[in-house]
Each structure stands twice: as C-alpha cells, then as structure tokens.
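Student: Quick one: the structure is below, questions incoming.
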Amino acid sequence: MKVMKILLVLPPTESAIKRVVGTTGPPLGLAYLASMVREEHDVKIIDGLAEDLTFSDIAKIIKKFDPDIVGITATTSAMYDAYTVAKIAKNINENVFVVMGGPHVTFTPELTMRECPCIDAVVRGEGELTFKELVDALSKGRELKGILGLSYKENGKVRNEPPRPLIQNVDEIPIPSYDLLPMDKYKADGVPFGVVMTSRGCPFNCVFCSSSLQFGKRWRGHSVERVIEELSILHYEYGIKEIEFLDDTFTLNKKRAIDISLRIKQEGLDISWTASSRVNTFNEKVAKAMKEGGCHTVYFGIESASPRILEFIGKGITPQQSIDAVKTAKKFGLHALGSFIIGFPDETREEVEATIKFAKKLDIDYAQFTIATPYPGTRLWEYAIANNLLLTMNWRKYTTIDPVMKLKHFTSEQISKLLRKAYISFYLRPKVLIKDIFEHHGFIIKRAIRGLLRVYYQA
C-alpha cells in the first residue's frame, strides 16, 4: 500500500460576498474526511475562505505539497471556483486524482464531470466511508468498481455505483480533524468560533432543501457523551467560546436537546451557542434547558405567512405555531432569528407582503430574507425543470439573493426590490433600533448592514 498525500480544499471564491457577510465557519465536511484517512495517509486541509487565499496561493501549495489526491468541496454558487482548483491541480500534475463531494455534486455527478473534465470522480451523499474506500483503492492500485456512493469516469463515460447505505451509528465517525484547520481564523463578531454537527438526517422534505436526500430521512444522533467530548476539545484545546450547532433540527429529539444543554451546564463549559429548531419541535422545557446551557439564539425556519405557500413548501407548520414558538423563546430569554423565503413560482404580491408584515409582527430579534432558489436535488429544482422555470444554470447566481426562476406574478427586478424592502422595513424601525442600542449593543444594526450589503452587492 502506498501512503497517499491527500490535499482537501475549500476553494477561495472570486466573489466578495463571503467577506461582506462576515462569519466563516470551519469546513466540517473536509475535517470529517481527514479524520477517516489520516492514520494511514498524509493529509492536509486548505480553507481558502478563512485563509483569504488566491488561486495563485492554491497553486503554490499544490506544487509544494505534491498531492496524489485532491479532494474539493463547494456550495452550488462556488462550483466554478472548485472547477478552477481542479484545473490548477491537473495543470500542475496531470496524474493527480481529483474528487469532489458535497450536496451539489451529489445530485449532478454527470453534469459536474462534463462541466469540468478535470474532475475524475464524485463522492455522492454521506461521504466518509466512500472517500475512505476510494483512498484505499487508489493506494493499492485497485479498480474503483464496487465502491458504493462513487461516480467516476470509465472508458469516457460516467459510471454511477449504487448509493451507499447511511452510517447507522454516527458515533463511529471520528471527531473532525480540527487540528488540520486554521482554527484561529474562525471568529463570530471577534469571538473564537466553531461549528458542531450533533446529528444527521431529516425526516421532513421541504421543497427547497436537499438535506433529507443527502443525509437521509432517518434522524441519527450522536450520543450526549460524544457531543460533550467534541465541545470540550473545541473549548479547551482551541479556545472556542461561540458554537453553532449545524443540525437541521437540534430539537427534533427534545429529550436529547435537553440532555445536551444540561450537560454543557454541568460540565462548566464556558461557551455560548446557537441552534436551529422547527417551530413545532420547540416547547418550554426545551427552551428553559437551552437557555441554562448557554444558548442565546434559536434559528426558526418560519418561511411564510401564507398557509398556501407553507403547503407548497411541505413545511408542515402553521403561522400560529411560529407565533407560539417565538413567544416561548422570548419567555426564557432566548433571542429568535426567523428565516423567510419569498418568490415561490406562483406566490402573489399579497402573500409576499403578508410575509414581510408577519416578520415585523413577530417578536423576533433578527430576520433573514431570501429568494426561493431551486438547488439541484430539491423538489423545487424538479418543479422548475418540469415547468421550464429556470432563468439560468449559471451556478454563480444560486445565492438565494439572485432570482433564478421565472415567477408568475413578478419580474426578477420586482422580486429583488421586494427583498430589499423586506430588509429595510424590518430592521430600520424605531422599535428595533432602540432595542438594539439598549439590549444588543449594536449587533442587530451590524446584522442589518450585512443583510443589506448581501442584497445590494450580489455575488
């Protein structure tokens, strides 16, 4: 077996939007992959965003490290940056094996390798075991046939191996290789910042989300002990004081959410944190425990004030449940962030205006407004394709602030104008500004400025 030199890359981006928005979190997926293969191979991770690297910098690193394998991850809007890294790697060494992973390529393996012939393979879905088997095969000179979850080139065509079954006991996955990341670069408003995924899988199937297809509909959670171990490493070894839990729904298993929160308190971990919750998986017991455990903000996917649009989304919630969840959060001293999506295919102006009004009516501290975006793999993508709604397949536009679908009742300019109106009308209210000065020390103003910059200076 050959010891492989493996370079894992989160590409830099040509867009300034990442720098405008502020917080950049560690590329957790790459750190998981590294943890799976580092015992037998030489692994290096490049975070092009956090380290503010140029493509020229990437080229120099590749030349110096001389990897056998280059693994790249990217969001949909950063795919062209990933392609650039792949081309750089192949130009330096045509024999290097280039592989990509992530939600976008999971659902577009043939298209990805057609758009960028420098990519040799795509890891689909949950990637740890597939990547480990790929590295093992390459190190031993074996063929790739039979590696579940892998798509690769064979005789000029793309061969898609069958999907890989999901990892049932996620505690078997090693703790991410945080030591290979530039942990000192991750800050949230100047505070050392980290991200943790305590569970995988989502039993829901919202029209705009591919999570249940990427990580399965069956929820799989880490043990409380494993979560505390990972938090302790981040806090004591890297000085992390602010955590974002990346679970789709941290509160899906209420008892476990309570247990994790109380253990954080019992262990004396001096961290504050945020987490996402559905409005119908949140109650007073959960809110109380989360607050006691150091949580300061809960992210709610409220999406719309229109029951008709909520039904189209497949959200499975009501506006009243959103009102109740926000009230519960506020009762226990938690800040609430509401996420809202406008611009679904046949959404009316009255429905969009009602959603903006609803956001202001709710007692939420922060609001995030986006335009409905049909990402590959989602039901919204399938709907847009079936109804010929796509305006572009320029992935750079898939930012959630650029309109990429034809809408029945709006032009692209009109829905963009409504997005700007949503941010301005929510944040530039006397009630919000006064509350911000006395309770949030200007944090809401900072968030509003970031949101508005995202909208006005689109990627």
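Glycine is treated like the rest: Cβ placed from N, Cα and C.
Annotations for this protein, taken from Swiss-Prot, read as follows:
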DOMAIN    13-145  domain 'B12-binding'
DOMAIN    188-402  domain 'Radical SAM core'
BINDING   CYS202, CYS206, CYS209  [4Fe-4S] cluster binding site
Student: Relative to the Cβ of CYS206 ([4Fe-4S] cluster binding site), which residues of the same chain, six or more apart in sequence, are found under 8 Å away?
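Tutor: Residues satisfying the criterion: GLY301, ILE313, GLY314, LYS315.
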Student: Within its own chain, what residues at least 6 apart in sequence put their Cβ under 8 Å from the Cβ of CYS209 ([4Fe-4S] cluster binding site), listed in sequence order?
Tutor: CYS202, ASP248, THR378
Student: Excluding CYS202, CYS206, CYS209 themselves, which residues in that chain have a Cβ inside 8 Å of the centre of the Cβ atoms defining the [4Fe-4S] cluster site?
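Tutor: So the extra residues in range turn out to be PHE204, ASN205, PHE208, SER210, SER211, SER212, ASP248.
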Student: Grab the pLDDT values for the domain 'Radical SAM core' (188-402) and give me their mean, rounded.
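Tutor: On average, pLDDT over the domain 'Radical SAM core' (188-402) sits at 96.
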Student: Taking 10 A as the limit, how many CB atoms besides its own sit near the CB of CYS202 ([4Fe-4S] cluster binding site)?
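Tutor: So the Cβ neighbour count for CYS202 ([4Fe-4S] cluster binding site) comes to 23.
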Student: So, three-state DSSP: helix, strand or coil for CYS209 ([4Fe-4S] cluster binding site)?
Tutor: coil
